[in-house]
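What Swiss-Prot lists as active site, proton donor is E128, and the listing cites sequence analysis. Feature annotation from Swiss-Prot assigns isopentenyl diphosphate binding site to H40, H76, H126, S219, S220, N221, S263; the stated evidence is sequence analysis. Here Swiss-Prot flags H40, H76, H126, S219, S220, N221, S263 as dimethylallyl diphosphate binding site. If you look up Swiss-Prot, you'll see H40, H76, H126, T161, S219, S220, N221, S263 marked as (2E)-4-hydroxy-3-methylbut-2-enyl diphosphate binding site, on the strength of sequence analysis.
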Amino acid sequence: MEINVAKRTGFCSGVQKTYNEVKNSLVDKNKIYIYGELVHNRKVIEELNSAGAITITGMDDIPDDSIDETLIIRAHGISKAEKDLLKKRFSKVIDMTCPIVTNLVKYVEKKQKDGFFVVVYGKPDHPEILGLKGNVDESKLLITLSPVTIPQKKVLIVSQTTMGEEEYKNFITSILTINSFTEVLIRDTICSETILREKETLELSQKSTLMLVLGGKNSSNTQKLYRISKKYCKRTYHIESGEELKEITISPQDKIGIVTGSSTPTSELNKVLEYLSQEKEDFS
């Protein structure tokens, strides 16, 4: 059995910083609030909850005694209106919005002021997109996953930072084909970490007989890695933890490739490697 692990695994830098901030804050406090699910990973959420982190998903979840408490804004970011309200309800608000997301918001804002209508390739209900909508002029904004005809002629095209590079390129080609823009700007706003993980997944899946994509089942970037891998390696499995390996048939001849989503902790990867090492030993 051969085991190959992608070079880029574990949390991305934005998630890691937010996770560290939560853990450090809990050293001095017995509880801390997080606005929105920190990461799309059940194991991480359970770990933080047991340590004293409390997730709130909206203003209705804020307790009456919150004025003495600290709240952390996750890496996806939120709307300006939400942030202003939270600052009135909590004594301390720590904004951990990923810099890449912040840069996208600022760029869209600037270009709208320059007269551009903005088309965003992304999921309308994704937390990052909801935050973007709440910080820019929605009347000059379209969020879509499908190429559509647009009456505006001066257009900026950008992407949600966690979308697939190849899918974004296909979207651009299609939307340019069905529209006649007089002025169009195209900006690559996909996170470089996302692109590098995609490339590693592509390479590993082409030389593996079995691929393990480790990450939350509701994680957008993990689902994307799974789709890429499945194209080239039919025996691709999307798993959340090492416990699921018991359901997968592994042979001594397998060449196993392992990749992780950006919201997957290294601890979960280590459990998977531990299980596979034991399997390898049992085969020999």
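Positions of Cβ are set from backbone N, Cα and C atoms, glycine also.
Positions of the features from Swiss-Prot, shown on the structure.
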residue	record	DSSP class
H40	isopentenyl diphosphate binding site	coil
H76	isopentenyl diphosphate binding site	coil
H126	isopentenyl diphosphate binding site	coil
T161	(2E)-4-hydroxy-3-methylbut-2-enyl diphosphate binding site	coil
S219	isopentenyl diphosphate binding site	coil
S263	isopentenyl diphosphate binding site	coil
Surrounding CB atoms that lie within 10 Å of the CB of S220 (isopentenyl diphosphate binding site), all protein chains: 22
Per-residue Cβ crowding (10 Å cut-off), top of binding-site residues H40, H76, H126: H76
Rounded Cα separation (Å) that holds between H76 (isopentenyl diphosphate binding site) and the residue listed as 'active site, proton donor': 5
Cβ-Cβ distance under 8 Å to T161 ((2E)-4-hydroxy-3-methylbut-2-enyl diphosphate binding site), same chain, at least six residues away: C98, I100, V101, L104, E128, T189, I190, C191, T194
Those residues of the chain, 6+ apart, with a Cβ under 8 Å from that of S263 (isopentenyl diphosphate binding site): F11, C12, V15, V39, H40, N41, V44, G215, G216, S219, N221, T222
Env. residues of isopentenyl diphosphate site, Cβ within 8 Å of mean position of H40, H76, H126, S219, S220, N221, S263 Cβ: V39, P127, T162, G216, N218, T222, G261, S262
Where the record names H40, H76, H126, T161, S219, S220, N221, S263 as binding (2E)-4-hydroxy-3-methylbut-2-enyl diphosphate, the maximum Cα to Cα distance in Å: 16
Number of other Cβ atoms within 10 Å of the Cβ of N221 (isopentenyl diphosphate binding site) across all protein chains: 25
